[in-house]
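So the structure is just underneath, and the comments pick up after that.
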Amino acid sequence: MMIDPLSVFLVLLGAATPILFAALGELVAERAGVLNLGVEGMMITGALAGFAAAYASGNPFLGFATAAVAGAAISLLFAALTQVFLSNQVASGLALTLFGLGLAAMLGKPFEGVRAPVMPAGPLRINWIVWLGLVMVPAIWWFLNRTRRGLILRAVGENHDAAHALGYNVRLTRLAAIAFGGAMAGIGGAFISIATVLQWTEGMTAGAGWIALAIVVFSNWTAPGVLAGAWLFGGVTVLQLRLQAAGVAVPVQLLSMAPYLATIIVLVAMSARQKFSRRAGGAAPGSLGTNFHALR
Amino acid sequence: MTADVFRATGIGKSYPGVRANDDVSFSVAPGEIHALLGENGAGKSTLVKMIYGLVRPDQGQMFLSGAPHAPHDPRAARAAGVAMVFQHFSLFDALTVAENVALGMENPPPRRELSARIAQVSRDFGLPLNPARRVVTLSAGERQRVEIIRCLLQDPRLLIMDEPTSVLTPQEAELLFATLRKLAGQGTAILYISHKLDEIRGHCDRATILRHGRVVDSCDPRAHSARELAAMMVGGTMRQIDRSGRQAGEVMLEVAGLSLPAPTREGTALKDVTLTLRAGEILGIGGVAGNGQEELLAALSGEARSAPGRILLEGRDLSASGPDARRRAGLLAAPEDRLGHAAVPDFSLTENTLLTAGPRKGLVRRGMIDHRGARRFAEEVIAAFDVRTPGPGTAAKALSGGNLQKFVIGREVMQAPRVLIVNQPTWGVDAGAAAAVRQSLLDLARQGAGVIVISQDLDELLELSDRFSALNEGRLSPPVPTEGLTLDRIGLMLGGAHGMEEARI
């Protein structure tokens, strides 16, 4: 049995991309203090909208653009609930996931069984969207840590009362962060339907949104950490597929479980360590998951 | 008349059911340190929030250096030359000093230049600060330095300080006043909010006194006694605290060599804490926040258990007992954080009563709650401590800070404890309620209980306690009699200000 490391890495890049996008988007939202558990719902929305647009126009890139818009649009539903009507973020996020899954299943019926247009390969025969994801990692890091807007976003996530007292618009900052998270999740979902599976199937995101959420925590809320987490999950996914193909004498169920298991184990180990090093590096934003209500 | 830096005429602001400010007029001259005096709820905070653009007035006009001043948000106010240091720090724990400063500025320079300027200003004013430090690692005094430097970098014409010394040691407060003097010397007008009268008498040039949202008086605070100022604030004479009629009796509580590791990374370890408390005695424990006050209270209340033989109540070893067992034995405690620690915000007062008074007042029988009894006890506490609330069914979070504080202290005092430990019993409470709480602690001691008061308000400790100990990095100093103790001496006992001795001596 031979598993070529380079080819595994190239496939890994693809396998990690949907989670990378979704987790980067959620990272920005969480740094702004918003816990959006609707990642799965936004991903599946993007997967369907992107696939439909790509199929109808024959242009996969138009598909990704549509997926971003659709993801942002459905995330604004969550934004309206939590930022305007101040409803609970956990409940609203879960509702968004259920709503997205149901809506996509219903609207996706006409697109079952058709194939997506073929994507032209990018540099080094690596998909353009994979490249885009890789570029987003330093871009988001730079935005968060080096720009004024990024600093304000982190301030809003860290202590919304203080940010408000200093005159920053907490609600607007969070709306923008949520919409960005939605667009990123949409692109991540579309990558599965347009670039990986090449067709639409109900529930095809298969929990990737939840893994993305876990990875944000595991990353300690940093962009490079998100990349590491996405690669870990993608790597184990590819590896177990290869092992399955190679016919290793391990039950298939165990192998299929491996990526999730590995992610959870690393997550728990990291959390246990972070419990004591909290605040040493960038840990959970102080206002994460709490709603802000200004008294005028 | 010289051109005022700031002038307000006829300012009014209403909230539903409350007239927060009514026809307020006053002015601040260049280089003046102007005190805004008043009880909690007198409208001081609303007034300065309007100047800083956080709240908009319903009526009246404000002028900054003669030009109309009507900021629609804090950024506009900052651009106009108003800077503010908040009572509850408006800092971001996870961010660095430089990032925090940048957030308070309109057009911050690039990072390196900003760090250099922070270093320079902190040298000029003798406020040492490292721009790269994370705020979470700073002491209260250092945090305030961040806020002040953030203001100084904007060259404000008017600097507003909202109760800035409530968390500082006397030395740190002195340093703050030296800084303010220097600033005033450069022509900056300073609006200073406080209810510490001695501080205002010592350092302010003029005082405007607010009561129920109106300006009731304006005076030179140096020409009046603290008693007269207090009378202006509350609109009547203050009741003198009665310390009489107490005698030290039997040893009630003995703590010997109590050491506990820090409960969290930011917490403080208790190191070899030893104390003896007699019946009828009040022991004051002072110290800057974060030096082990919460940990000590937790260790005494039973939230944290300790090794056998460390905590003895009337000779009984309670070291391994939990809070309920200790309550039954007569050791009660009221923690600092009234909303969330001492009381459950969404529970009614009756339900909150049950949480600590259950075992001692027999409000739980065979696992069933005696609702009628709990309600009766809550009503007793409300009546005895003059808690202003519609009734015992009101949620704890609906009470004002002062009223809730009276309730949580009253709830423990009314259980007739053998020993009561309180942490910050009058934090953020207006003068009238504070006096009532303090008197109740004295009365409790007179009835033969031992009382430990942990507080950062040194005046309070001097007023109440018979002996004083300082808590410094989890170590408790041997007690000294309060009689004849000066604030200077206490400051030294508290270990001075963090990292400030070199700068001063």
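Quick reminder: no glycine exception, Cβ is built from N, Cα and C everywhere.
Predicted automatically and left uncurated, TrEMBL annotations should be read as such.
Feature annotation from TrEMBL assigns transmembrane segment to A:32-54 (among others).
What TrEMBL lists as transmembrane segment is A:61-84 (among others).
Look at TrEMBL and you will find A:90-107 (among others) tagged as transmembrane segment. Long-range contacts of the transmembrane segment (A:90-107) within its own chain (CB-CB distance under 8 A, at least 6 residues past either end) are made by residues 35-45, 47-48, 74-75, 77-78, 81-82, 202-203, 209, 289.
Sequence annotations record features per position, and here TrEMBL assigns transmembrane segment to A:128-144 (among others).
Here TrEMBL flags A:175-198 (among others) as transmembrane segment.
Positions annotated as transmembrane segment by TrEMBL: A:210-233 (among others). A Cβ distance under 8 Å defines the sequence-distant neighbours of the transmembrane segment (A:210-233), meaning residues of its chain 6+ beyond its ends; these are 12, 15-17, 19-20, 22-24, 26-27, 30-31, 37, 39-40, 43, 134, 137-138, 140-141, 144, 185, 188, 259-260, 262-264, 266-267, 270-271, 274, 281-285.
Residues or ranges marked as transmembrane segment in TrEMBL: A:245-269 (among others).
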Given a Cβ distance threshold of under 8 angstroms, which distant residues of the chain, six or more beyond its ends, lie next to the transmembrane segment (A:245-269)?
1, 3, 207, 211, 214-215, 217-218, 229, 232-233, 236-237, 239
Take a look at A:32-54, A:128-144, A:175-198 and tell me which one has the most Cβ pairs under 8 Å to the transmembrane segment (A:61-84).
A:175-198
Who are the long-range neighbours of the transmembrane segment (A:32-54) in its own chain, taking Cβ under 8 Å and residues 6 or more past its ends?
18, 22, 25-26, 60, 62-71, 74-75, 78, 82, 89-90, 92-101, 103-104, 107-108, 111, 116-117, 153-154, 156-158, 160, 173-174, 176-178, 181-182, 185-190, 192-194, 199-200, 203-205, 207-210, 212-213, 285-290, 292
